[in-house]
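S.K.: I'd like to ask some things about the structure below.
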Amino acid sequence: MAATFSATKPKIRLGNFACRLDQGPSRSAMRSLIPGLPNDILPRLFSLLTLLILLVSSIQADSFQELRKVKTQKQAEAFIAKYGINKISGDGATLLSYAAYNSDLKMVRFLLSKGVDPNITSENGSSALSAAANPQGFEIMKALIESGAKINYVRGASPNSAGSTILSDLFRSGWGKKADITPMLIEIGADVNHRNNRGETPLMAALSSDYGQQKAIEILVRSGANVNAQDNFGQTVLHLAAKSYEQSIFQKLLEFDPDANLKYKDGETPLFALVLYGKAEGVKMLVAKGADVDVRLANGKSLLEFAIAVKEHRAKTLPHLLPASKNINAPDSKGNSLLMTAAMLNQLDVVKLLVEHGADMNVKNQYNATPLQIAKMNNYEAIVRYLTSKGAQ
């Protein structure tokens, strides 16, 4: 059973058992470690465990402090002589991961020449390769890979780890402007479709990068990345691109013909996000790619109803949605058409748009009322005048 020590909070952990060094193990904690422990054995075991904790914590604390002091090859040699080259220190780091994290290429090469394991992982499951995944780590990653670092190592040794590989870590760290390492990683076998614990793929991670997304997207997709992969919530890269909309990125993604109608959560397609944020150009591009404008959420609400409800953006988005609708007169759950609802809510701008795009002005609801009659009953004079001028009955 491995023991770990925290330098920031003096705590020792043995499996599921943990205690503060300044407090010692409690009787209840010891009982949780060994269920059914007789009371007469408890005092002796308490003393033995306390001694063990102090011994382990002393060793762990020493290695933790000494690893942080290693700056030169001479200091590294002294550390190796005392603890071994693959020692995991008290905070879970290794000499190699510490050097990689700090972008110390000279130290990394020195440790590799001394036979350090390039795949050794820290307590949280991170490897030196993932520690080097930052904009300054390009040469270090190359050195690690050339020395046998596993390109598809899954970071997931601890329950809290994300289960990511180096490709996802690379893009999530904002690596994009150094994307020239990506082809090298792929060429030696990096899995472009690996999913982490949330179902996120490297392509999805690339969309969260601040730099070089277009280049990253192109490299990944041309290398076999699935543009229609869905995470644990059902989101695709197109959903994510719609939410964080940047026209050039969105346009680049559409070049690879992603499915515009895949749904997540409550039945949302990428169009819903574009409509919500008023991205009219994105709506136009996605509709041209075959996005279904008559799609409905799980609760029965249609995209067009949703677009009308987003008052601040509907004047921009509806002109791109309505011409593509195949059923502009479809009734909602209450039996009302879009035009009826617009008349009922005194939405003259929506009424005009619907009529201009072919909405039936004389359709009747379950109460045998037309949009014009609804407007008259509510004294909406502007709508009454408009519908009358268009020949509504």
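A Cβ is built for glycine as well, from the same backbone N, Cα and C atoms used for every other residue.
Note: TrEMBL annotation is automatic and uncurated.
Quick paste of what TrEMBL says about this protein:
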type	residues	note
REPEAT	91-123	repeat 'ANK'
REPEAT	124-156	repeat 'ANK'
REPEAT	198-232	repeat 'ANK'
REPEAT	233-265	repeat 'ANK'
REPEAT	266-298	repeat 'ANK'
REPEAT	334-366	repeat 'ANK'
REPEAT	367-393	repeat 'ANK'
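Mind running through what each feature is packed against?
M.R.: On the 0 to 100 pLDDT scale, the repeat 'ANK' (91-123) averages 90 in this prediction.
Proximity of distant same-chain residues to the repeat 'ANK' (124-156), defined by a Cβ-Cβ separation under 8 Å and at least 6 residues beyond the stretch ends, is recorded for 92, 94, 96-101, 103, 105, 108-109, 112, 118, 162-166, 169-170, 173-175, 177-178, 181, 184-185, 188-191, 194, 197.
For the repeat 'ANK' (198-232), the DSSP-based tally of helix, strand and coil residues reads 15 helix, 0 strand, 20 coil.
Sequence-distant neighbours of the repeat 'ANK' (233-265) (same chain, 6+ residues past either end, Cβ-Cβ under 8 Å): 199, 201, 203-204, 207-208, 213-214, 217-218, 221, 227, 271, 273-274, 277, 279, 281-282, 285-286, 289-292, 295.
For the repeat 'ANK' (367-393), the DSSP counts in helix, strand and coil order read 16 helix, 0 strand, 11 coil.
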